[in-house]
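Undergrad: Positions annotated as domain 'Phosphatidic acid phosphatase type 2/haloperoxidase' by TrEMBL: 39-153. Annotated transmembrane segment per TrEMBL: 109-129, 136-156, 168-187, 199-217, 237-256, 295-316, in sequence order.
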């Protein structure tokens, strides 16, 4: 059946696992709600997506065949299928949000459970509806995300604490994320997954380094334990206006940073590795260009998200 409502509903579900959503959701959380929560969500998201993408490239199952499946989305068609990383992120983010925020923020548990269930179901069902995954891919993604959460949720405090307080944290973070990106890919053909993974690792490294600089400089400290649990301040026009203004100005800065870094890093990588860059699209598919350009660009975006944009807010009186 060709239902317009279902098409738009599941297109929204798919967007909950795409870059547009992440560049709105994580900044909103960090700038307007709780940086403590945002940092931990990003740590979990980076590991879930990294392990998901690597597993795809080890198992190498193709996407569902079309026909019989009707594909309503083709952007990720060049990637392998098993497990569904959309299902993984659509399971891990709402569940981690619930696990990390319940008890820290005052809200009814039922509300958190319903939100997590609806979010997860919408993303998982959207992948099958869009023709991008089989039911097995989605179930495997869902279970894999839960397994990763079971392992990482208990150590997320330790990781965040290390990122903030350890003297040589930035050096270790940058080296580790770079090594993970370089050694995890032996692709037989080019696909979007290598670049996406470098993007996620770069973002994670940038956010961690930005958090470290904040901590060292004594900026944007988390609320002390005796003020917990936090309650949502009453929503006034001023509070809402400031939140939207922060999101709008901040995201514009992040997008401009992304464009500027992309313009600078692609020709630079081509020059260093002596790759002709008259056809940028072709040059970008070379590992020597794709990994540094994605990693540096999104590392800078992550660093801006945590450090540069909050400094700007402080400067213009929006913090």
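Quick reminder: no glycine exception, Cβ is built from N, Cα and C everywhere.
Show me how these features fit into the shown structure, please.
TA: In the predicted model, the domain 'Phosphatidic acid phosphatase type 2/haloperoxidase' (39-153) shows an average pLDDT of 80.
Beyond the transmembrane segment (136-156), the same-chain residues lying 6 or more positions past its ends with a Cβ under 8 Å from any Cβ of the stretch are 40, 43-44, 47-48, 51-52, 55, 61, 81-89, 91-92, 95-96, 99-100, 120, 124, 127-128.
Here the transmembrane segment (168-187) has Cβ contacts under 8 Å with residues 50, 53-54, 57, 162, 193-194, 197-198, 201-202, 204-205, 208-209, 212, 287, 291, 295, 299 of the same chain, all six or more residues outside its ends.
Beyond the ends of the transmembrane segment (199-217), by six or more residues, the same chain brings 19, 35, 39, 42-43, 45-46, 49-50, 53, 160, 163-165, 169-170, 173-174, 177-178, 180-181, 294-308, 310 to within a C-beta distance below 8 angstroms of the stretch.
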Undergrad: I need to check the long-range neighbours of the transmembrane segment (295-316): which residues 6 or more away from its ends have a CB within less than 8 Å of a CB in the stretch?
TA: 26-27, 30-31, 35, 39, 174, 177-178, 181, 198-211, 213-214, 219-220, 246, 249-250, 253-254, 257-258, 261-262, 265
Undergrad: Please give the sequence-distant neighbours of the transmembrane segment (237-256): residues at least 6 beyond its ends with Cβ less than 8 Å from one of its Cβ atoms.
TA: 23-24, 27-28, 31-32, 301, 304-305, 308-309, 312-313, 316, 318
